[in-house]
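Look at TrEMBL and you will find 27-517 tagged as domain 'Major facilitator superfamily (MFS) profile'. Sequence annotations record features per position, and here TrEMBL assigns transmembrane segment to 19-37, 98-116, 128-150, 156-184, 196-215, 221-242, 329-350, 370-387, 394-411, 423-448, 460-482, 494-513.
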């Protein structure tokens, strides 16, 4: 018998369950990357909506970066509609406030909708809910670009479009995280989630390149093409997304590790006997309060909660207040508020900053800004690897936040020294800013959403994820708005605001960091063993 080809041997080396699990991993990666792809065009197009221009010698309008006085002198010569100097109403002196209001409209609606999305989504089929969100998001993303072709200059039109788009995009995150949790409920690790979370940066990079291709010639297509991509991915979601492994007779989690046991955060550890003195130790006070708050009380100090196995469909969804009682949810949520404030300020304002400081055209500035997202990919993966190795989620986030503050200060100074310096600082800042954001929204949310007391309740993961990301989205809404209000007084002041936000994010983790260092694994309830039926 002839030997099988290497490719065939590779294919059959994986089980049917593993292939389906890999398929869901890739599909959810692409689905949420398309959401971020559709959010990026507004940051690329900002430089085109308001272009600096002056009158040349022959009376024609030309581009430059001259003083505000020169632009004001020409203002009376320009018509009130779209011109080579910008697109009304964004061609006025208050354009930064108007552009900031567009960001705020989208992100504020997103933050409010996120709190409701988790509650609604866990009561509807994930596939249909996510498909609706993607089709609606594609439509309203494209609608923003339609304003270019129909010569629409109403500020209200663009604001309403952003608000509705922000609301429908909240269907994405709870849906993909819950779906991934159904398939990888017992095998999450920081590295895997870090790799998966790189969809954020991949989507931002693709969105920047696609929007940048048309921004200088026909900026309407910078929105219509990403909108069409999101809608197309929504159709793929409806056709191929499998919500739960039981729907196709697959196991609900990766095969058990022969040398490990599973703890409350679904992580594997080498199995070793638990000494009697360890079993007799009292539970962590916060754990006791959480368990007693549900009406349960133990007669022994070594009480262990016994919960149904994963996949119990009859379990009721956890309440909002119940999710807040999980130790670490409030601290990580508030930390993410400020971490996301910094990240989304870069997401929405970085291309315009590069245009103003490095004097590049809109297309090149958009392409250069993708390096921040490239750094974010490595930052997210690095944060996952370090947190896995050290077994300390809060400490890993705290270290990166501590290093990010001086890096942001250096960015504001070094980026003015030339293109090479800007590239280096973009990569470094992207890694340090995006690392904590990526870790909290993935591995930390998974740890808290699959807390010991919640084992088997997949609805809890959707609710906890929505609370953490919803709180973070409040910061995402404030960051670009504050940048729009502060930037007229100088970009240095924007960076001071970002450094202050970074310090606040670190401050909210101080208690958890101290708890991790004094009692390893306690910050997210990772290492308290339990028994299974």
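Every residue, even glycine, has its Cβ placed from backbone N, Cα and C.
Outside the transmembrane segment (394-411) by six or more residues, the chain places 328, 331-332, 335, 339, 342, 379, 383, 386-387, 425-426, 428-429, 432-433, 435-436, 439-440, 444, 495, 498-499, 502-503, 505-506, 509-510, 512-513, 515-517, 523-524 with a CB less than 8 A from a CB of the stretch.
For the domain 'Major facilitator superfamily (MFS) profile' (27-517), the model's pLDDT averages out at 77. Cβ atoms under 8 Å from those of the transmembrane segment (370-387) belong to residues 189-195, 197-198, 200-202, 204-205, 208-209, 346, 350, 393, 396-397, 399-400, 423, 426-439, 442-443 of the same chain, restricted to positions at least 6 beyond its ends. The stretch with the most CB contacts under 8 Å to the transmembrane segment (19-37), chosen from 128-150, 196-215, 221-242, 423-448, is 196-215. Each of 221-242, 329-350, 423-448, 494-513 was scored by its Cβ pairs under 8 Å to the transmembrane segment (98-116), and the highest score goes to 329-350.
Listed as Cβ neighbours of the transmembrane segment (196-215) (distance under 8 Å, sequence separation of 6 or more from its ends, same chain) are residues 25, 28-30, 32-41, 43-45, 47-48, 180, 221-223, 225-226, 229, 347, 351, 362-363, 366-367, 369-370, 373-374, 376-377, 380-381, 430, 434, 438, 441-442. A contact links the transmembrane segment (423-448) to the transmembrane segment (156-184), because at least 3 Cβ pairs that are 6 or more residues apart lie under 8 A. As a quick check, the transmembrane segment (128-150) and the transmembrane segment (221-242) clear the bar of 3 or more Cβ pairs under 8 A, pairs 6 or more apart, so the two touch. Between the transmembrane segment (329-350) and the stretches 156-184, 221-242, 494-513, the greatest number of Cβ pairs separated by less than 8 Å involves 494-513. Within the chain, the transmembrane segment (494-513) has long-range Cβ neighbours (under 8 A, six or more residues past its boundaries) at 328, 331-332, 334-339, 341-342, 345, 349, 353, 392, 394-395, 397-398, 401-402, 404-405, 408-409, 411-412, 436, 475, 479, 482-483, 486-487, 523.
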